[in-house]
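Annotation source TrEMBL lists transmembrane segment at A:111-132, A:144-163, A:311-335, A:341-364, A:796-816, A:822-844, A:869-892, A:936-955, A:975-994, A:1006-1022.
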Amino acid sequence: MGKKTLEIYSVELNGTKDVEQTDKQDGKERYRGLKNCFHSKKDHHTEKLKKELDLDDHKLSIEELEKKYGTNIITGLSSTQAAELLAQNGPNALTPPKETPEIIKFLKQMVGGFSILLWIGAILCWIAYGIQYSMNKSSSLDDVYLGCVLALVVILTGIFAYYQEAKSTNIMSTFNKMIPQQAFVIRDSEKKTIPAEQLVVGDIVEIKGGDRVPADIRLLSAQGCKVDNSSLTGESEPQARSSEFTHDSLLETKNIAFYSTTCLEVSTSPVGTATGMVINTGDRTIIGQIASLASGVGNEKTPIAIEIEHFVHIVAGVAVSIGILFFIIAVSLKYQVLDAIIFLIGIIVANVPEGLLATVTVTLSLTAKRMAKKNCLVKNLEAVETLGSTSIICSDKTGTLTQNRMTVAHLWFDNQIFIADTSEDHSNQVFDQSSGTWASLSKIITLCNRAEFKPGQESVPIMKRIVVGDASETALLKFSEVILGDVMEIRKRNHKVAEIPFNSTNKFQLSIHKTDDPNDKRFLMVMKGAPERILEKCSTIMVNGQEQPLDKSTAEAFHTAYMELGGLGERVLGFCHLYLPADEFPETYTFDVDAMNFPTSNLCFVGLLSMIDPPRSTVPDAVTKCRSAGIKVIMVTGDHPITAKAIAKSVGIISANSETVEDIAKRLHIAVEQVNKRDAKAAVVTGAELKDMSPEQLDELLTNYSEIVFARTSPQQKLIIVEGCQRQNAVVAVTGDGVNDSPALKKADIGIAMGIAGSDAAKNAADMVLLDDNFASIVTGVEEGRLIFDNLKKTIAYTLTKNIAELCPFLIYIIVGLPLPIGTITILFIDLGTDIIPSIALAYEKAESDIMNRKPRHKKKDRLVNEQLAIYSYLHIGLIQAVGGFVVYFTVYAQEGFKPSILINLRVEWEDSNVNDLEDSYGQQWTWYQRKYLEWTGYTAFFVGIMVQQIADLIIRKTRRNSIFQQGLFRNKVIWVGIASQIIIALILSYGLGSITALNFTMLRPQYWFVAVPYAILIWVYDEVRKLFIRLYPGSWWEKNMYY
Amino acid sequence: MRRQLRSRRAPASPYGYRYRLDDQDEVNQNYLADEEEEAEEEARVMVVPDLEEEEEEEEEEEEEEEEEEIEEEEKEEEKGQGQPTGNAWWQKWQIVNEYLWDPEKRMSLARTGLILVIYFFFYASLAAVITLCMYTLFLTISPYMPPFTERVKPPGVMIRPFAHSLNFNFNVSEPDTWQHYVISLNGFLQGYNDSLQEEMNVDCPPGQYFIQDGDEDEDKKACQFKRSFLKNCSGLEDPTFGYSTGQPCILLKMNRIVGFRPELGDPVKVSCKVQRGDENDIRSINYYPESASFDLRYYPYYGKLTHVNYTSPLVAMHFTDVVKNQAVPVQCQLKGKGIINDVINDRFVGRVIFTLNIET
């Protein structure tokens, strides 16, 4: 594991060494990073990958390609060829990461946790029987049964845990299969739709706008094709694709489209589709190779797994040391070795909470279910808690924090900036719409726009309608639709006579319309584009509906507004119009867009409009919650620093009153170097800066600033950041959606993939999937995770308590020689019978105080099972329970004739089956079987004693600090179900199965059920006192020692 | 506040100061932690009126924190693999030294003592509670009569001689193989010696219960059961109880149960037969007393405390003619109204099974 990480890490350094400032080069460098990644893989892989990367398919001409793949671009492959190739190369799908074979998973459950101890117990049982058998052929089979029962317990709990695991994995696999992909392919000269899995190399496929590219494809014909490579490179800008060979590198040439990227648009003329030839399928695609790279990053142990291991170590340590200690004591007390072995078994069984791990599994899966309802799908059960202990969240920007769609945020007209509503439904547009300028502006917005709603969506809310067109135009279309109503109708009324679409040289878009005013025969020319370009073309400006000459002061105002909006990280567009004079341009005038036979200067400037991908409305609140919960939210994005900072500010990742070093420098008018770095709480770090940082500098950055935004980061830098955070002993959650994120997702303590935008590779690498892509869901997850940690503490405390009550009888039995107060089987009935449902019920307990106002737990200091918990459970409540149990036991024996005084050192005679006239305190004589029956009654009594006190224990465990009465005794109904189950199971065992001798239960006299009640009350009162002192003297010695 | 306290004590030990510096770094690493804690502390000072006490408490906390820190430090150093630790041992020595000699640390010993005292009181009171409970329990239980006797009823049966086995294997011609039976029987019957019985116990009328009304705590008299009642099996005439002739005597007694009374007019009888196999393996058995029954006058039993000299009645079985050189399983059952002798699990209730293997 360590080695692999190192490899990737070193690649990071190389890969990002030369990230350049400009967009384009930046992208290239990312590619280089990727390439380096490939080279760094293991040797045999490297060979293979090199070969793949040296593919020259993009350089070949179509004819050469046809020859190479034995295909024809008109007729496609024949079905037989395709079938052959499919059989040869396998389906076109990513191989899911290597799963541990089911049998190994199963066996792991069988030997994990306490199972080893129980196996030892079982084997000791059989050994004991073997010894007995060798001495006496007719020895009883009790030990064999006990051994079998122990083995059965291990196997059953193992099967149970395995089943639970399998169930939660299944949720994921069904989820994966929800999205079958189709591909449009030409085979046997026919166009067919087939599942994308069946594509083979050489297939000719057609892609429409909006399709996912079904394999690595060499484009053969494509007009105005744009692909979204963000899942591969993290670039959010659409990339143009054409059929020309533009670059030597396969990764950079324009005529290759990659598997699993999305084709955003293909120009409608002449065919509306792009055609390409499949050159790589499945795992041999570029994305497939990255995905397999991610599987090289090993999974770290989850915090809860570490905690449970720690706990198992504690309990096993106690069990083994007490076991060995008493083995020695027993031997030195002249017990036979055989007896000593049997004692050892008893001690192990009493010490091991057999049912606990199953309970923990159930508890976790209950929470997982609850979280799934709140849109957090948990793949790995243990991840449920990890989110709760998260101290740093590295969040992606696009889609997670933001709505992932451009939206109009600000308008500037009449020398004023207006704020538009950017919430999810746009419902609340409050800016002043009475001005004449707005009327003109709205007309330009509506008309100078090529985006259209897909038909047939009248019933869909405007914001959810699907639009054909690019992001900004979509934003404008929706904006105007919300404010003005039916845009298409307006456009119809203002018939478009000519149009120049946006292109990167013009940087403007223009269209000419007939007006809807029948009296006005003039044409209206509307134009939008880059603000400075638009302003250049204008000589007047509209203020309050009146055209005014554009003087210096208005130009100044324009620039101020432009800078301000740009400073918010928004994309700004300028709008202007011109009514063409009717005399020059009569109704019959034909406009020629190529000859530009119309004026494009001296226009009238109307306004500015800025757009941003706005934060989701729930995010600021969620970030605040994270912050109060002591979780540091770091934004890691590929976007521009200004945009990133603006979004970070608007969602609160950079809080309103904190400044970056640059901000301070600007405010104080000093150089950046002169600023005391300690004054700045926030930092915006670009990928370029990051690549120059040593790990120590990164550590310093991460510790010194509480609010950090990483912008312009290459996807691989995410991994560096995650590792940096982990060096701070933080539990790191990473959100991501692209394939490129998958190594970081895997490296993180908890990887969170986006359910909607996320790629399959990301989902595979992640531990959790956010079904609604919403950051706020993470917060609910954190809350659930913290709650489950607290509740697990309670469950464990509850479960550990009775271990002492089960253990003490054995110790006393060995030392004092009383008849055995409680049998091994009976103990198993407590651990796996009466105690199971109550301990699960604790998982339903509500939080005592606002858990979201607490700091996240320290990975190494705040243990699940700490000293206080163990001591309080074992030495306080546990001992009271043991005492209570003994009182019931002594009561039963005394009332039957054996007073405690006579019981001492009675063990040998008591257990001798040949002694059939053993005298009790009254001189009565007992046969062996009568004694045995009394002993079982004692077991039952002790069992009932523990059970009654466990009810009290259950109630006190509801809270750790608050009084039960503050928490509400009846708020958690499941607790009462648990108590009822305890009582019912005990009643069934005693009265229902009391006649089955093998179970060692007898029908207990009703009054014995109440002997332990005073002790139950004592437990409750004692714990209330403890909590009272904790509340009265916070921070005192008492709290330090008594609060677990 | 924390820092003030620290600096006040800082000169006390230069090494301690070093750790405090380290600690500050650590605190800085715990982003968020610092501020909140300070705020909390301030708040606490404001709430609690007695400032001095508070400060003391703070100091205590402080010490504990330091202790932890040092422990951590130690751990870290133990772990510290990559660091070139030239004087690591020296540092360790300093830590140990500080731990042992720093006057502040003695406080922790005091605290350990305090904990021990608290636990002592806790357990002492627990012990008191259990004693109290047991005491009240015994107040409710009569010392003369157990509250419940269902478990011990119906009576079990046991035989003598008993040598930890119910297989009687002996060779008539080898006294060594049966001598221990004789010794066991002789020992058992000492308490039945006629002289002793006559001295201690009363001769009460046969055929009826020997009921002694009166206060519970009054001493009860016991009926005589003389050794001579056993005739040939009394060991008086034949000191080897027939073992030397291959005609062993086995004594059978019924377990004592407080208050147990056999049905009136129908004393409990004993009858033995071959358990499995040929009925004729045992051709004759003589019972002593001849009635082969337990006379009613030995009932009821009033319990060990008041019925001190009670001697359990016996029935002797004299196996006068048993097949030799072969194991003969014998089952002796009690018969009578209210007697149960067929409990599957308990082979000693109302019956006893043993084997005789007499070799010649």
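Positions of Cβ are set from backbone N, Cα and C atoms, glycine also.
Same-chain neighbours of the transmembrane segment (A:796-816): 311, 315, 322, 326, 329-330, 333, 335, 343, 346-347, 349-353, 355-356, 359, 822, 827, 830-831, 835, 838-839, 842, 864-865, 869-870, 872-875, 877-879, 881-882, 884-886, 889, 904-905, 907, 942, 945-946, 949-950, 953-954, 957, 1044, counting only residues six or more beyond its ends whose CB sits under 8 Å from a CB of the stretch. Counting same-chain residues at least six beyond the ends of the transmembrane segment (A:975-994), those with a Cβ under 8 angstroms from any Cβ of the stretch are 829, 833-835, 837-842, 844-845, 940, 943-944, 947, 950-951, 954-955, 958, 1001-1004. In summary, the transmembrane segment (A:311-335) lies against the transmembrane segment (A:341-364): three or more C-beta pairs, each 6 or more positions apart in sequence, are under 8 Å. Distant neighbours of the transmembrane segment (A:111-132): 139-141, 143-144, 146-148, 150-151, 153-154, 157-158, 308, 312, 315-316, 319-320, 337-338, 341-342, 344-345, 348-349, 352-354, 356-357; these residues of the same chain sit at least 6 beyond its ends, with a Cβ under 8 Å from one of its Cβ atoms. Residues 876-877, 880-881, 883-885, 887-888, 891-892, 941, 944-946, 948-949, 951-953, 955-956, 964 of the same chain sit 6 or more residues outside the transmembrane segment (A:1006-1022) yet have a Cβ under 8 Å from a Cβ within it.
Using a Cβ-Cβ cut-off under 8 Å and counting only residues 6 or more beyond its ends in the same chain, the transmembrane segment (A:869-892) has close neighbours at 314, 318, 793, 796-797, 800-805, 807-809, 812, 821-822, 900, 934, 937-938, 941-942, 944-946, 948-950, 953, 956, 1004, 1008, 1011-1012, 1014-1016, 1018-1019, 1022-1023, 1026, 1041-1042, 1044. Within the chain, the transmembrane segment (A:822-844) has long-range Cβ neighbours (under 8 A, six or more residues past its boundaries) at 146, 149-150, 153, 157, 345-346, 349-350, 352-356, 358-359, 362-363, 366-367, 788, 791-792, 794-795, 798-799, 802, 806, 809, 885, 889, 936, 938-940, 942-943, 946-947, 950-951, 954, 957-958, 972, 974-975, 977-979, 981-982, 985-986, 989, 999-1001.
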